[in-house]
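The block underneath contains the structure these notes are about, expressed in structure tokens.
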Amino acid sequence: MKLLMLCREPRLYSCQRLKESAEDNGHQIDILDPNRCLLKLSKNAPHFELYYQVNSKSEPYLLPDYDAIIPRFGSTSTRMGCAVLRHFRTKNIFCLNDDVAFLKARDKWLSLQLLTEQGIAVPNSALSGAEFSATQAILQIQSPTILKTLHGSQGIGVILAENRKSAVSIMETLTQADVPLLMQDFIQEAQGTDIRCFVIGDKVVATMQRIGQEDEFRANFHRGGSAEKIQLTEQEKVLALKATKCLGLDVAGVDLIRSKQGLLVLEVNASPGLEMIEKTSGIDIALQMIVHIEKQFKR
């Protein structure tokens, strides 16, 4: 197969592992930055064209069609990355997470709404408009309070407000800067830990428990967190699969938390990192992703 990976940083561990696995399985793979793409729509055939420019001084060239697309772009590239994914989906080319599912997962509030609609428990959450009083809005959520920007990954854009006064100050400042925030209950009993479930298709292929640094409420690897092996219950596996399916994803990193109220889904990541979970679980996830693409291509 001829594969395309959409990625801004091809040197990242996840991109390198997927490239190695694809080539080891006999496939050709290009790694391109979606922000260096140009999409063209025309009344006359061909109606859809996609060009690529290696650098600002190079001549753009027309990209060929591929057999499958692997999206690995970050939150800052979501708009262009999803436009490129839609281009290929329009041509009936398999995308390992299409643009529709990607956009659902990348919008934190929308994803929480969709999960809740399907009866999937999430932390108590609230979203207020720019003209709604922050002082009144914060009363809907417990204190301490988690504040999250609607778009972001790797723990970036997540703030713990220790009291309501701090929460209001942060909300008013960021609202003034036109940065919308959602509010969530802080799950104190989790003590800075969560469970990452890596889902491919209809299977949870790997898991780990992530542990935040001392005095750090975020358990993300990129925030200096560590990880250890963990055995999921059957209920946790079912929940991870249900959350993935709810957003229409083929591949997902589902973050769960064990709370006093029961299992909660914190987030569903459409482009989950491989490094920490491969090293913790000892499972070759990159290979399993390539094998999943092969199965879809043969259908």
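From the backbone N, Cα and C atoms, a Cβ is placed for every residue, glycine too.
Over in Swiss-Prot, the protein carries these features:
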type: BINDING; residues: LYS148, ASP185, PHE186, ASP194, ARG218, ALA219, ASN220; note: ATP binding site
type: BINDING; residues: ASP255, GLU267; note: Mn(2+) 1 binding site
type: BINDING; residues: ASP255, GLU267; note: Mg(2+) 1 binding site
type: BINDING; residues: GLU267, ASN269; note: Mn(2+) 2 binding site
type: BINDING; residues: GLU267, ASN269; note: Mg(2+) 2 binding site
type: DOMAIN; residues: 112-294; note: domain 'ATP-grasp'
Item to check | Collapsed DSSP category at ASP185 (ATP binding site) | outcome: strand
Checklist entry - Which one is it: of the binding-site residues ASP255, GLU267, ASN269, whose Cα lies the shortest distance from the Cα of LYS148 (ATP binding site)? => result GLU267
Item to check | Spatial separation of GLU267 (Mn(2+) 1 binding site) from ASP194 (ATP binding site) - C-alpha basis, Å | outcome: 10
